[in-house]
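To start, the structure under review is shown below, and the notes come after it.
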Amino acid sequence: LDFPITGSSQAPQLIPQQYGIGPPINQDQPTEEDLVWTKQLIEMLNTCELFNDEVELQHREKVVKQLESLFEEWIMEICEKLNLPDYVTEKVRVKFLPFGSYHLGVDSKGADIDALCVGTRFVERKDFFTSFFEKLKAQKEVKNIWAIQHAFVPIIKMSYDGIEIDLVFARLLRESVPDILDLQNNSWLKEIDKESILSVNGYRVTAAILRSVPNIHNFRLALRAIKLWAKRRNIYSSKLGFLGGVSWAILVARICQVYLNATASTLVIKFFKVYSLWDWPLPIELKRPESCDLDLPVWNPTVNQNDLMPIITPVYPQQNTAFNVSPSTLVIMTEEIQRGFAITENIQKKKADWSKLFGASNFLKKYQYVLSCLKMKMWIAIHRIYSDIYIALHFHPFCLQLIFIFLFHYYYY
């Protein structure tokens with residue numbers, strides 16, 4: 001796939017708004033060299049088959065539309081079950097809002113699709129995890145469906161027609177969901193039941209990230225590159241104490257804010273330069289924190305002073321997306337960013353190319369001791385361990401941060 005390289009020969013334009021929490025570092029237009037590096041980066045990304053072809057794009061769009069139709073049908077079934085009058089039922093509308101990588105426009109082959117299902121006040125949360133769950137389960141396209149009703153963010157997980165799907169639910173305290181529903185406006189939070197606030201946060205964060213960058217096209221290309229690099233270097237997983245998709249997206253978006261007119265290659269280069277010098281735990285924020293009188297807990301540097309790598313969501317209630325980062329994983333990510341900085345410096349000096357940056361980490365040769373967890377299909381590397389000790393492995397990064405162990409690194413195989 002060929003992508004336009006934006007900003008190549010355009011005259012400088014006035015920026016209608018300030019992006020981020022301060023003025024930009026640089027507003028220069030791209031040089032010819034920047035454009036060459038970006039072309040080479042795109043060629044490299046194409047060889048990695050990151051982009052969905054037309055058939056896959058249509059398949060994913062079809063799945064989203066089918067799930068939206070199923071959700072709408074189910075809402076109508078609930079209305080009928082409640083014997084609501086026709087004049088009420090005919091006005092009922094709902095929303096099915098994809099978020100995450102699909103909404104950001106950086107979903108790759110095999111990526112899952114996250115979606116927020118916004119229902120009306122007639123529908124209880126328990127109905128979503130019972131009757132809607134059963135409706136989904138009855139579909140021939142659905143495999144491996146399960147509901148996690150008592151999670152921090154309750155969710156239905158399944159495979160639909162070969163695509164992994166994560167569904168969350170929010171209940172709007174109205175008889176119908178309006179056609180124009182701007183969930184970025186905090187006033188809508190007051191019309192959502194409190195149990196649903198965290199469920200809508202995923203969509204709100206994704207939408208806010210897209211609004212926070214000056215050039216969405218360049219942001220997407222740079223984010224694809226950074227996600228590929230993180231996966232190749234085995235540091236892409238919030239569950240294992242590294243960073244997940246939202247964290248990487250916020251980090252890239254912040255670079256976009258301070259290098260307003262940079263092409264994708266320059267954004268990647270600056271990403272490694274800025275974060276190789278970053279003084280953690282200084283937080284990364286895309287905008288000033290918003291106040292809202294809902295009395296929900298928000299990230300606070302004083303209260304959350306033990307957070308090692310604060311990467312803060314740009315919407316209320318502000319949260320640290322990297323709360324799972326441990327001393328070990330912070331060391332590993334810092335080393336990988338330093339490696340990326342060194343390579344991108346050499347790319348600029350024409351001593352390396354992009355393939356060097358995206359080279360896979362040789363996990364098994366990197367560490368002296370490696371445990372293989374066959375049941376979980378996961379390697380656990382131990383950099384230094386004393387003999388004759390008993391280690392209870394609880395699969396949370398801080399539980400593994402024991403006094404006898406200097407460094408843990410996890411890797412699914």
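Count begins at 1; order follows the chain as displayed.
Note: Cβ is positioned from N, Cα and C throughout, glycine not excepted.
The ATP binding site annotation in TrEMBL covers Phe99, Gly100, Ser101, Asp112, Ile113, Asp114, Asp166, Lys227, Tyr236, Gly245, Val246. Around Asp112 (Mg(2+) 1 binding site), taking its Cβ as the centre, 14 other Cβ atoms fall within 10 Å, counting all chains. Mapped onto three states, the DSSP output places Asp112 (Mg(2+) 1 binding site) in coil.
Shown in sequence order, Pro98, Phe99, Gly100, Ser101, Tyr102, His103, Asp166, Leu167, Val168, Gly202 are the residues of the chain, 6+ apart in sequence, with a C-beta less than 8 angstroms from the C-beta of Asp114 (Mg(2+) 1 binding site). Annotated Mg(2+) 1 binding site per TrEMBL: Asp112, Asp114, in sequence order.
Residues or ranges marked as Mg(2+) 2 binding site in TrEMBL: Asp112, Asp114, Asp166. Cβ contacts within 10 Å of Asp166 (ATP binding site), excluding its own Cβ and spanning all protein chains shown: 18.
Under the heading domain 'Poly(A) polymerase nucleotidyltransferase', TrEMBL lists 20-213.
According to TrEMBL, the domain 'Poly(A) polymerase central' annotation covers 218-358.
Residues annotated as transmembrane segment in TrEMBL: 385-412.
Phe99 (ATP binding site) carries a strand DSSP state (E or B). Averaged over the domain 'Poly(A) polymerase central' (218-358), the predicted model has a pLDDT of 95. The Cβ of Tyr236 (ATP binding site) has 19 neighbouring Cβ atoms from other residues within 10 Å, across all protein chains displayed. Residues Phe99, Gly100, Ser101, Asp112, Ile113, Asp114, Asp166, Lys227, Tyr236, Gly245, Val246, recorded as contacting ATP, have a largest CA-CA distance of 20 Å.
The residues near the Mg(2+) 2 site, meaning same-chain residues not in Asp112, Asp114, Asp166 whose C-beta sits within 8 angstroms of the mean position of the site's C-beta atoms, are Gly100, Tyr102, Ile113, Ala115, Lys157, Glu164, Ile165, Leu167, in sequence order.
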